[in-house]
Structures are given as structure tokens and as C-alpha cells.
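Peer 1: Quick one: structure below, then a few questions.
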Amino acid sequence: MKKQLRSSFSTQGRRMAGARALWAANGMKKEQLGKPIIAIVNSFTQFVPGHVHLHEIGQLVKKEIEKLGCFAAEFNTIAIDDGIAMGHDGMLYSLPSRDIIADSVEYMVNAHKADAMVCISNCDKITPGMLMAAMRLNIPTVFVSGGPMEAGELDGQHLDLIDAMIKSADESVSDEEVSKIENRACPTCGCCSGMFTANSMNCLNEAIGLALPGNGTIVATHANRTQLFKDAAKLIVENTYKYYRDGDESVLPRSIATREAFLNAMTLDIAMGGSTNTVLHLLAIAHEAEANFKMDDIDMLSRKSPCLCKVAPNTQKYHIQDVNRAGGIMGIMGQLAKAGLIDTSVVRIDGMTLGEAIDKYDITSPNVCEEAIKKYKSAAAGKFNLVLGSQDVYYKELDTDRAEGCIRDIEHAYSKDGGLAVLKGNIAQDGCVVKTAGVDESIWKFTGPAKVFDSQEAACNGILGGKVVSGDVVVITHEGPKGGPGMQEMLYPTSYIKSRHLGKECALITDGRFSGGTSGLSIGHISPEAAAGGNIGKIKDGDIIEINIPERTINVRLTDEELAARPMTPVTRERYVPKSLKAYASMVSSADKGAVRLID
């Protein structure tokens, strides 16, 4: 059944003369009146290398849409660079910005009654924020990311942002060497080159079904990234007419992002050792979609999904550009499908089922198309470059080695245990998360005395000051969604542990979270958090912490009676919390529920 255009409320009828006059002042031509209005939700900013190249691409998408007869209007969202906001109180704003982005998209699209939208996202909180908005609005939507940064190179070795952070804190590394690394770590526009949060989310968007193949892995500088934007423009027009003219609801975000799609996305995340932040974001997006996807589902999937792909920071051998050469996300999904670990019947924005898309785009499929071959041969150029789509270098050959290549088959998995795990115990009754793909198997079982800090800053000072020694478990409390507030990323503490050469000799646990760039025995999202009365807030220096990844447990060696009788450890830090973050803290849920705002 034909649907009424939402935009007709501002373009049709005598009483809308004023609105039509304003639309005309926005550039709408008379022949475009009554045609679908498609919002272009851009996230261009000159604060973030993952977004610095998006200035003109929104207008390219607008031109492509308007060639096909619709009217397109662009607006921007905020975007925070977690790497620049890291290590100071700017990080308190990062996770809350996800909800601000979701709200701003909802406000703009509903206020102006747009009929559909193209979301141009890229970095950490922007993609999930836009996805949350898409679930709320439930209008035809296509996502296309700005693409990953090329990996840096020094002395024939790949490097990235995390190398710069670790080496700069290592006193044995000279200033000259640090300068060399700093100047080569981030050579192009795009989101940082490892399987960090931004790239993880852009890859998962392919699995959810709201982005086209190649969205997560074709580098930002390649011409085929520009082609993705053109393809997205064409597709959003097709899907807009499918919904409003033909009444086809299969193109709507909630029809695509079902429980099964979230299970597929999480299975992919586990298989590729993605960022632990994706757990927060998938839970939050599913909450907005009203899909029945919970922390227990993640625990269940982590016990049966193997690790099929290892990328920085879990290894320095491969970066996202190498995943693309190995067939991208469809390459990983193809191996998961062969093992029966994903539901291939789910639908996608391109009208195919996931199974049909795998058959067409998995480079090991006998039916792989030429378009797929071209996408996945898209290579890094190896030059400093801040311009989207400005190079067309191609690999001579694809990486189809599923035994020893970047992407493995089930038989040759990096580990039978997946790349992420949910642990529970008496200091995490509602769960916590560890990226097992980044943990050396020699410390999957770890027991040690606690060194407790009530802030990230105190932990950094303690680690660099020599208070943390081999065998310790660093415990950082009151950094959860409420306690921070804002649930800071603990990338600097984990980097400093590595800079002290303790990466395989210490653990770190927190009710805060970690950057996608974190590796090592780093356990976050402990729920309930200290600020909500969680037992992590009762741990004292010297308490023995027991971590067992194979058994999925984490405990402090105290009886239930001892824990119940012990008071919360007083918070000694001094931290100014502005009203905006106090408002966030008053509404936010625990990490095991995605740190969503709880609003009746």
C-alpha cells in the first residue's frame, strides 16, 4: 500500500506557503516539490581525521540523489576524536556524545519531516549514534562510512596511532625515534587503521545489513570509496520509492536490524576480535530497535564462535587494508556461513539476503562478481594524503589463503575461542567484557594482588611512577557510565603498562571501558559499576583477584559474607563535573545494558 510522504506536511497545501517559500530559499526547485526529501546526515569536522575529508562528499551525494529526481538536504552532526580527547577530562564527553548525535539526527529529520536519509559516518560514537537515530526514525536509510586510514610504515613495518602512544611513554625510546613514529603513524585521512572501535562498527554495519559491501574495509583514499557514496545515493532513492510508492517495509531499518541481524553482527565481532566498545553500542542500538538482544546472547555467542581474523592491535602483521585484500567482511561472513554460525536468511538494504550477498561478494565463492574483485583489490597508496577517493592503486592479487592468510577458515582459526568474552563473578555479577583476541594465551588464567585507583589519572601516575609491578592487577574504579561520569576509555593506562614492559605480566580491570586500540589482559564494563554500589568499589589494595577466561569467571578472593560486610572504598579524587554530564549520569544505565539513557 502506498505511503504518504512525511515531507508532504511541509510541502503540500495552501497553508504551507511559508514552508514552501523557505524550501525554495534552500534551493528546492518547483519540479522537486512533492518529491521525496532525503536528508544527508554528514559528520564532517576538522577535529577528526576520520571526518576531515567528508566536507565535499555530502554535496556529491546530494547531486547524485537529485539527478534521480528527489531533493536532498545536508546537515552535520558533532564528532569527537577519542584519540585527541584521550588522557584528560575531554574523554568524559565521548560516550555521552553518542546520545547527543542520536538526538540531533532525530531532531533534524523529524523537525523537517525528511522522508529518508543517507548517513555519512565514520568514527567511534558517530556510527552508533546515527544507527540509534535510524532505529528511532525507522525511515529508509543507507549508511556509508568515510573509510579507514591507511596504515603507517617505518623501516618496512606497519604502524599506527597505538605505536606512537606506547613508544612515547617508553623511556628507552629516543626522542628522535618517537618523532619518526609520530610523523608516520597516521598518514592519511580516515578512521585509525586497526580493528579499533570505528572500523569495528563500520564492519558490523555490513553484517547488520544497513551498509554496502566494502563499507568497513576500502581505504578512505581510494576511488572505490567515492564509488560507494555514489552507490549509496542511488540505493537510497530506490529504497525511498520502494517504501513510499510500493509500500515495501523490508527496506526500513527495523525490518533489517532484527534480533537475527544483531546476532550475526556480534558473531562477526567475535570472529574478527573487534573492539569491546561494540558490545556497548550493539546493545544500545538493539535497545532503540526494540530487538531482543542482551548481554547473555553475547556470552552465548562467545562460547561457540572462533577467531577467524586478527588485525592490529591484536597483531601488527595486519591492518584493515589487509582485511580488504582478503575479501573484507563478506570474506569473514562467508567462512562463518559455511560453519552454520550465522543466519543467512536475513535481508539487507540492497534487497539481497545475507546468503545471496555472500555468494556474490565472498571472493572464495565460485559465483563471485567482478565488482567484488575490484572492491577488494583496492589498495593503500602509501603516501601522505588527506583527500577522499584520490588514488586508484590496486593489489595485483587477492589474499585467498584461508589457512595462513589474514582471514582464516574454521579449520585454521587463530583460536577456537572467539575474540571477545563475557566474564562473570563476585565483582561482576552482571558481567564484564574482555577482548581475548588481544590477550596472550599464557595469561588467560591470571591471579594477582589488586592495586586500586579511583580514577584513570591516578592509575596513570601509579603505573608511570613504578607502583605497579609484575603480577599485579590494576583496578580502576568509579569510571563507569554514572561514576565517571561518561565511562572513559582506559587506553593510556594500558599503553603505559606496555611501555613498562608489563603487557604479559599484569592485568587491568575497570568499570570504565577501553579504546579499540587496547590489547592485553584488559577487562572492562564491570557491572554493576562502583557508583551503583558494585563490588568493584569494595576492592582494597592487596586483595587477590582471580581471572579465568576459559571458565569465563572473575572474582575477588573474598566470601560473600566478607564482601557484604565490607563498605565501599571512599573516593578521594577531585573531579569537576559540569551540569551536562551530571544530567547524563542521572539517566544512564549500566554498561551491561549498553549505557543507554533510562527515560520513562
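Indices start at 1 and increase along the chain as displayed.
Backbone N, Cα and C define each Cβ position, glycine as well.
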Peer 1: If Swiss-Prot gives Asp124, Lys125, Glu489 as binding Mg(2+), which of Asp81, Asp82, Asp163, Asp170 does it give for that site as well?
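Peer 2: Only hit among Asp81, Asp82, Asp163, Asp170 in Swiss-Prot's Mg(2+) site, alongside Asp124, Lys125, Glu489: Asp82.
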Peer 1: Would you identify the secondary structure of Ser515 (active site, proton acceptor) according to DSSP, in three states?
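Peer 2: For Ser515 (active site, proton acceptor) - judged by DSSP and reduced to three states - the answer is coil.
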Peer 1: Of these binding-site residues, Asp82, Asp124, which scores lowest on Cβ atoms within 10 Å?
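Peer 2: Per-residue Cβ counts within 10 Å for the binding-site residues Asp82, Asp124 bottom out at Asp82.
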Peer 1: Three-state secondary structure of Glu489 (Mg(2+) binding site) from DSSP?
Peer 2: strand
Peer 1: Fill in the CA-CA distance, Cys192 ([2Fe-2S] cluster binding site) to Glu489 (Mg(2+) binding site), as an integer in Å.
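Peer 2: Spelling it out, the Cα of Cys192 ([2Fe-2S] cluster binding site) and the Cα of Glu489 (Mg(2+) binding site) are 16 Å apart.
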Peer 1: Taking the centroid of the Cβ atoms of Asp82, Asp124, Lys125, Glu489 (Mg(2+) site), which other same-chain residues have Cβ within 8 Å of it?
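Peer 2: These residues sit around the Mg(2+) site: Ile80, Ala85, Met91, Ser94, Leu95, Cys123, Thr197, Ala198, Asn277, Ser515.
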Peer 1: Which binding-site residues from the set Asp82, Cys123, Asp124, Glu489 come within 10 angstroms of Ser515 (active site, proton acceptor), judged by C-alpha positions?
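Peer 2: So far as Cα distances go, the binding-site residues lying within 10 Å of Ser515 (active site, proton acceptor) are Asp82, Asp124, Glu489.
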Peer 1: Any idea what DSSP makes of Asp124 (Mg(2+) binding site), helix, strand or coil?
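Peer 2: In three-state terms, Asp124 (Mg(2+) binding site) counts as coil.
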